[in-house]
Ligand code: PEP
Ligand code: MN
């Protein structure tokens, strides 16, 4: 299929420019920004509208309890780590988790990376001060550099073009890993067997051996394993920098509808979800499936107003609410939202992000999270939905495929002193490979009915 390229100005799509856009960089050079936008507008789409439509139908199934979404990846991808090894490890981790969750849920798992575009971060402060020196905050590789030097922290519009180029290369590798033999179910299961050889995970033995028996059963029945050599995989990121998202928006030649082709799924963050703000306006006008993060201060009226604004036709799969309440608050904060949405007969795919409401600073000064808090929020999410008769549709996590030490706990017991060993994230702490698999085993048990 083809897409027509971006017209210079579209009154609807450019309406956001007259509204308040929070968390945008202050670009020092307007002409360089115009040049970067033009370069992006002339570039090929990263993903095609038809694939976003497929995802919308998968998310619609998740809203009905006929599928479960697994969305995972870095808090902030970096240009330096967009190499084949790191990408492969992340894909492997997500595929391993998906097999465990598929078994637990007895449902298809929709696999989506926070990948190929997750290069911009909202920040709580515009500046950062170290040893009496104040510089602009790091806003993600799409905007400025992480190094604490004046040159690196100046926003550079050329980084928008770099982000597109590196996202395209990342998506290319992701596609190769998810459609070649790498994604073969038997191969993924073999990796899970490797994980189970660690005695720390003995308590997951029962689930692991059930999966093992299920696969041998399929084999014995003559199941078509060739069909299981490929998986469907989608990419997503926070639609934060509107100049980037707008410049990659194209009109679908089939329908004339605009799609943001920077990713299959885009979400609005907790800090930029103002009803009269630029982000809500822009995302209301693109046809992709979209999400909104909802924190603990969200009122039922906020949720209903967002749903009506972003999905006026109540199209299933169009709107996902990603709740991030905190383990201590989800059991009180979530019920009024799910009850209001259900009462109004509004269709939403409910997903839990158990990471962003559970961020703490460790005694040694690291930004971290406790594995137990993360799991407790997921448990609370299932409890709330089961009590309300609504559908828990998915899980959104910050993870990496590598053996970093950023989140406290897990059966391998990363403690405060352990955080220093391999703390690599530039923004939020991620579950490491093993913690991610352990989480999948625990969530699989919650999914069993
Ligand atoms: C994030 O997903 O990295 C993030 C900043 O989340 P939130 O908008 O929920 O705070
Ligand atoms: Mn984050």
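Backbone N, Cα and C define each Cβ position, glycine as well.
Heads up, TrEMBL stuff is auto-annotated, nobody curated it.
TrEMBL lists 114, 270, 271, 293 as binding phosphoenolpyruvate, and of 86, 88, 324, 329 the one it places in that same site is 324.
According to TrEMBL, 75, 398, 428 bind Mn(2+); the candidate from 146, 189, 356 that the record adds to this site is 356.
Around the Cβ of residue 271 (phosphoenolpyruvate binding site), 17 further Cβ atoms fall within 10 Å across all displayed protein chains. With a 10 A radius on its CB, residue 270 (phosphoenolpyruvate binding site) counts 20 other CB atoms from all the protein chains. Shown in sequence order, 114, 118, 121, 398, 425, 426, 427, 428, 429, 430 are the residues of the chain, 6+ apart in sequence, with a C-beta less than 8 angstroms from the C-beta of residue 75 (Mn(2+) binding site). Cβ neighbour count within 10 Å across all protein chains ranks 114 highest among the binding-site residues 114, 293, 324, 356. Report note: the Mn(2+) site is defined by 75, 356, 398, 428, and the residues of the same chain whose CB lies within 8 Å of the CB centroid of those residues, excluding them, are 355, 359, 427, 429, 430.
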